[in-house]
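J.: My questions will all concern the structure given below.
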């Protein structure tokens, strides 16, 4: 898309765009380039020597069962976060779309988690589920269910999934609600006159018309689960017990800053960048489609 | 609504009340915990109704140094968070307004290259390129500084994208009219384009403020001196002593304080926030 009428100046556009280019140059392209470069190099932890090792870092990563395990965990984690988050928020949005009274109250309360920092979300959920003082742990115990996410790997995963879904519910809810409210009333009324009940209208009209929104949210939620959950994990489980909740982003941090394996961490960064680029392309193709109708 | 089925309306409210209660429960419990003594919380189960130590806990959280395992207090940490969030927000809005203006309203060599260079940054979060970015910032001598905390987070194109989309919808007739009246590009930008973008600017303000306030991984690596910790880091550090040694009442009071500014921004600017959120992704 282009403007018909443009201003003419040889130097002004460069001046205008210079601050942005400078910042992304220094803080984006330079480090990203370094990551790519480092991923082909091996450096000792003191930064004394460096040698070119080609694809060795990648080969090591992709044959390392630890890393492949992290890959699987991340996949499982993001599918759970995206799936549960989307279903729960869709249900809430469908009901919220029906009502008039108190709609504002529900909506306001549901968007608060968006404002909560991921680390604080992690702290809040750990507080609920702490093995020693957690309220939920206590009542689960009374029901005969032992909760200890410091020992049990599945429970640790469940805890970070819960906290991540909680944090993202606001976002999903708002998009579904906006999507539902943009469906023309006439369609719903026509279906209603033809005798379709609420359930039928949901399955045959609202859900299909929401499919672009759902697909978009699926991508966004996967990106969220991949990258924005660092704080939640660091506060709730710190990747443990064992490695059971250390997803890819957490591993980049652990290997780079704690284990000081710079080449390996850079190679992991490059792999993550590729994943993001693929997801971006998928999303852009979706955006193009959406613009057309 | 098409049909008024009282049962369905009742069911809707029931589902929403249940959903909202579950979503609000962790927040409610944090609030309750911040009104009790540390001893009351450690008893299992902790009380589920507010206690009477509210002022005491918040005063300790705000001003009591030493409790955090550091010498700085929460007031100072909140100040750091505030400065960083505002710098990121205003910096991003200013830079993006200018670059979106250049991209939409001018034709210049390598325009498409610049366009794609900017848009490549759209989804690549700082978490992904964390180590090399850290090195760059360290080489520039920006560790433990406000510039180091905020500049790398300004380097993303979300705002540029939003402004570009908006500028494309501004009618061309306005440019023509401005030109006939003899206004140059900067005059047009200042007197017409920016005032028209007020809603988008407000929406971005909310989104970016929250983004800046809630940053965690970047400041965690960037700051080694305690007087540069944002409040989010402060909370995490209070938990470092292991569960038994933690004063949960103070932690939760601090958490509530740390959540307050972004929550207020979201709730008070709800209309723009929702619009901005939905528009950014179009």
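Glycine too: its Cβ is placed from the backbone N, Cα and C atoms.
Unlike curated entries, TrEMBL annotations are predicted automatically.
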J.: For the record in TrEMBL, which of the ranges B:49-77, B:78-106 is the transmembrane segment one?
T.: B:78-106
J.: For the record in TrEMBL, which of the ranges B:170-191, B:192-213 is the transmembrane segment one?
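T.: In TrEMBL, residues B:192-213 carry the label transmembrane segment.
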J.: If you count Cβ pairs under 8 Å, which stretch among B:78-106, B:143-163, B:248-269 touches the transmembrane segment (B:192-213) the most?
T.: B:78-106
J.: Let me spell it out: take the transmembrane segment (B:7-29), skip the flanking residues so only those 6+ beyond its ends count, and list any with a Cβ under 8 Å from a Cβ in it.
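T.: Those are 48, 259, in sequence order.
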J.: Could you give the residue numbers and ranges of same-chain residues that sit at least 6 residues beyond the transmembrane segment (B:78-106) on either side and whose C-beta is under 8 angstroms from one of its C-beta atoms?
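T.: Non-local partners: 114-115, 118, 146, 149-151, 153-154, 156-160, 162-164, 167-168, 175, 185, 189, 193-194, 197, 201, 204-205, 208-213, 215, 219, 227-232, 257-258, 261.
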